[in-house]
Structure formats: structure tokens, C-alpha cells
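Asker: I'd like to ask some things about the structure below.
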Amino acid sequence: MGAQAMTEGATGRATPAAARGRRGPSRAAGRSRARAVAALVGRRLLFAVPVLVLVSGAVFALGALSPFDPVKQYYGVQIFNASREDVERVRAELGVDDPVIVQFGRWAGGLLTGDPGNSRSFRQPVADVVGERLPWTLLLVGVALVVAVLLALLLGVAAAWRQGGWLDRVVTAVGHALEGVPPFVLALGAIAVFALGLGWLPVAGLSDAGAEASAGQVARHLVLPALVLGISQSPWLVLHVRQSLLAALAEDHVTGARARGLAERVVVLRHALPTALLPFVALVGARVPELVTGAVLVEEVFSWPGVASAVVKAALAVDFPLLAALTLLATVAVLLGSLLADVASALLDPRVATDG
Amino acid sequence: MADLVTSSTEDSSVPSAGGPTAPAAWRSAARRRAGTPRASIGSGRAARLRWIVGAATLAALAVGAVLLPWLGGLDERVLDYAAVRRPPGPDHLFGTDETGRDLLLLAFAGLRVSLLVAVLCAVVSTMLGAVVGAVSGAVGGWTDRLLMRLVDTVNAVPHLLLGIVIVALYRGSLTAVVASIALTHWTTVARIVRSEVLSLRQRPYIDAAISGGASRWRVVRRHLLPAVVPQAAISAVLLLPHAVWHETALSFLGLGLPPHMASIGNILGDGRDAVLLGAWWIVVLPSVLLIVATLAVSGVAATWRDRLVPRRRSELAL
């Protein structure tokens, strides 16, 4: 974007004819660029297929190899009272004795037709569990991501602006320290201080006990989890913005802008920051796995009714269909995140190659 | 006379204006320039400070973790139902948990468990990653491409989630936790070792070994793997904080180590409900120990990395 700003500046000063002449081919280039980005999307979606097949195969193999027995789970303690015929019938119904590959085919076929089985821990079809809980997770993760990005932009720019100043030292030190603080410690601390100590915000859940989940209720209950998740994600982003802004400030076009006598604010915000933010877009996309991980822990502590806390419930109950479906969902989220980041940086920066 | 007066005032005014104001103007312009560091923070000094503080903290923690239980025959497993959820006081410096265990002893014992498990995980996953990376780099071709796609695939699943799947299916044992961490964290090591092997393959001494008639296996075993050891060792140490983090998260969720192994994560997981009852001190000391230990390990590891392989700084920043 910095490069774009500079070429725009150059065309502005050039003769109108030259500018017109330059605009024609640039539109054509834009069209071919769009085609290249579309090809990139297609290629990446194609690459996602073997990844998803491999992940689902691996998760299924883990389940098939484990000592865990679905029939025993189906019966629980009652297996001691069940007759041999009944157990045999359930074994046949669940298809436990079929070859692993047949079981995998059945399960994968169900996934493809939109029926990933039933969740035992929620006593609901897996699709319903995901459908009910996914919006809450998206809300939480979306707000947390906005918090993290805003923090990164504000603190990162402020720290790089006066490198070595007190703000820079504080931000860098706190950032490095926060990298070592697990999100659940942060969450417990936030609950102890803001919910129990000061009584400003509710401890957990989506709404007060017995109250409807109205917009106001949800907003009040969203504040703490979203802030905790956002802050726990922010150190990497803050330090990255600071580092890449420092690198951008040493570049030639920034020196050029300074030599032209532009105000410091213009130099930093209009010339250095856009170049510094390009890798930032890719970084945000690449941090989806950590975001998912953080969401699991934060949702669990705050009893947020999202898919991430369902992971923990499913794991504690060895609810394989739900666990496998949620793992695949998270993998899709990771792949989508990196795809979106790549598309965004390809659209923002014409220098980014689209054949990677 | 008028000339003299004016010239003399001008003369005196030049240094007086130039003395205090000119350097001030110059300095503020330099300060205002974004991205110019102050000379006072040398990276060398900061690095040395990080190293000294990190090493001293680690030593103190190690002494605490090993010696504290021995002093006066104290045992963290002693339950004292007469002193349940006591706030910090003279009898129990950091208070007691909901079964009356002394938190100071408990937290240090938990730290010992967490660190031992982390070391085990780091060693296993480094060995796994080193083997995959060495094979990938040394054999090349289709094997390399397939293994690297495998690395990409493992990285596409959030590590904690894959770890949760593994411990959920093989619950309640140390092996499950170690497997869950090792199977998700070997990819970084594999990448590092592979790129190191690829660059080493170009060296003349490898060519000399091959032209001397050494088999491919012998080249890998005698010439490539020993050269990769320092890199692998660093990444093992850098994996330690991650392993601690992962184990603590799993145990906190109730999916990790069995309850009788009081790791930091187990203590924090047990203390969760106590926090809601107002017993904040139950989570304070274990969390502080966890954070301090993590930061100390990564500080020492980072210094070691910068000293040994400055050019791989960004790559190894796990």
C-alpha cells in the first residue's frame, strides 16, 4: 500500500496524458490480477481436500486404535446386567466388528451427506449441536479478534514511534511477559478481580440465571471473555506490528518522505505503516490455531455456550462423533483463515506473488 | 559606540541563543523521529540481563522444587481438614487449598511434575522431529514432499484440539499426555532439521564422504546427524515452555495427568471453583510459579539460541 501511495503520487504529478495512458493498462492488469487471485483460491481449496481427508482419517484411526469401546459406553454400568444376545445385537447395530475401513467409509459418508452422527454427551445430532453453538463462538472470537487487532495497532505503533522510550519498554516487557501467561490464568484473574472483587461484570454464562439471552444481557456477559481472549492473543500481534513498523521506518521510501520534509505523523501513518501492515494481515490469518486454542480455554472458564467449550465436554465424555466433527471444523477454520489472509494480502499488495 | 553595543549584544546573543536552544531543537527533532532508538538500551546489555535473570530464577526454582519437600520432612500430600481454604498466614505462607494441603509445598511439587513431564515431552517430540526432518532432507524427492505435506497437515489442526482428541481417547495416563504433546509439537523441529540437513548436504565434507565410498546411511548417521544436534537441542529447550503450557492446559481442563500427580494444571483446575468462593490465593502462587518458570526457561533458551545460531533467530522463534 505504501508502494501504491507512492505511484499514485507520481501519476498525480505526471502530465494528464501520461496519467491516462497509465490508467488503461493498469485496469487490465487489475483484471488479470483478479483472475490470478481467483486461481489462487481454487488451488488452495483443491489442496484443502487431501488435508481434510488425511485429518479425518487420522482422527478416525486414533479412535479405532484406542482402548475405548463404544458398546461399553452405550451400556455403561448396565453392561453387567445385559444378556449376551442384547450385547451382540448392539455390537451389530453399532457396527463395531466391521473392518475399520468399512466403519471409516460409513462415518465419512455420513459427514459428506451432512449427517455426522449423534452426540452422546448432548443427546442431540452433532449437526444441531454445532448449529446452535457455532454462532456464539463466532461472536466471541470475532469480538476478541477486533480487540486484539486494535490493541496491536495502537500499542505497536505507539511503541515503535518512540523506540526505547518508556512506553516502548513497558509495551515490550508486558508483551513478552503475557506470552508466558496461559489464557485460563488470565481468565481466572479477570473473574477474581472484575467479577468477584469489584462486582462490575458477571462471572460466567450467556445471561443472568433465569434471564432471557437478550442483546443487553449477552453484551454484558461478553465483555470479560472477549477481553481476556483478545488480550491473550495480542502480545504476538503487538510485538509484530512494532517490529515490522521499525523495519519499515528504515526503508528507502520512508527516508525519501522524510527528505521531502513531510510531517512526522504523515511519514509514520501514511508511508511506513501501510508497508508494515502487509505482513500483519498474513500473521492474523496464521494465528487462527492459537485463536481456537484460546477459545477452548476461555469458553470453558466462562461457561460460554460455544463449540469450543463443547470440545471439552465431548472429550470428557469420550463423545467421538462430536469430537471428530469439531476437530474437522477447526481444521476448516485454520485453512480458511490462511486462505483469507493470503487473498487479502494479494489484493492489497500487487507485489505479492499469487502462484505460491 | 552604537555599532559596538549592537555587535556585542549580537555576539552575546548568538551563543546564548545557540547554547541552550540550538541543541535542544536538534535533540527534539531527533527524538520526534519515529523509530530512532535511544542509545542507552544496548541489545547486548539487555541480552545479558535476560540471561542472568533467567538463569538465576531457574536455579532458585530448581532449588525450591527439589529442596523444599525435604526441609523438615514436609509433605505436600498431607491433608489437614482442620485448615481448609486458609488464607495466607504464618502457619501456611501461601494458604491452603480445599483439602487443607499447604499451597507452597503443593505448588513447588506441581512445578516439579510439570517440568519433568515437559522435559519428557520435549525430548520425545525432538527425537521424532529430528528423524522425520533428517529423512526428509537426506532422502529428498517424493519422500521429502510427502513428509512436508504431512507437516503442513499436522499444523493445520490446532495443537490443543488434536492433543485433546488424543488424551480423550487414551485417558488418564502419563503416556497419553506425553503422546498428545509429542505428536503435535514435532513439526517445528522437523522443519528446522530438514533445512539444516539440506544446507549441510552442499558442504564439501559430505561430497568427500560420498566420493570416499560412504553409503547414504553412513553419511546420514556419521556426518549429518551429529552436525544437526546443536540445532535440535536448542529447539528441544525452546519446546519446554510450550510443553509446560500444553500439559497445564490439558490438566486444567481435567483431561491431563491423573489427579494424584499434582501438576500445576491440576492444582489450578481444582482451584477453579474455590476462586468462585473467594479463595483467590489458591490459584495465585501456582500461576505465578508457572509464569515465572516459563519466562525463565524461554529467556535462557533465547540467549543460548542467539549465541549459537544468530542467523536462525527468526526461524527458531517458536
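Here the Cβ of each residue, glycine as well, is placed from N, Cα and C on the backbone.
Nobody curates TrEMBL annotations by hand; they come from automatic prediction.
A quick note: this is a predicted structure, and the numbers were derived from the prediction, not measured.
Summarising the annotation, TrEMBL assigns compositional bias 'Polar residues' to B:1-15. Feature annotation from TrEMBL assigns domain 'ABC transmembrane type-1' to B:111-301. The region 'Disordered' annotation in TrEMBL covers B:1-31. The annotation transmembrane segment is assigned in TrEMBL to B:51-71, B:113-138, B:150-170, B:176-193, B:224-245, B:279-304.
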Asker: Rank B:51-71, B:113-138, B:176-193, B:224-245, B:279-304 by Cβ pairs under 8 Å to the transmembrane segment (B:150-170) and hand me the top one.
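Answerer: When the Cβ pairs under 8 Å are tallied, B:176-193 comes out ahead.
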Asker: So, taking each listed stretch (B:176-193, B:224-245, B:279-304) in turn and counting its Cβ pairs to the transmembrane segment (B:51-71) that are under 8 angstroms, which one gives the highest count?
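Answerer: Per the Cβ under 8 Å count, B:279-304.
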Asker: Which sequence positions outside the transmembrane segment (B:224-245), separated from its termini by at least 6 residues, show Cβ-Cβ distances below 8 Å to it?
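Answerer: Sequence-distant neighbours of the transmembrane segment (B:224-245): 114-115, 117-119, 121-123, 125-126, 129-130, 133-134, 137-138, 181, 185, 188-189, 192-193, 196-197, 200-201, 206, 264, 290, 293-294, 297-298, 300-302, 304-305, 308-309, 312, 316, 318.
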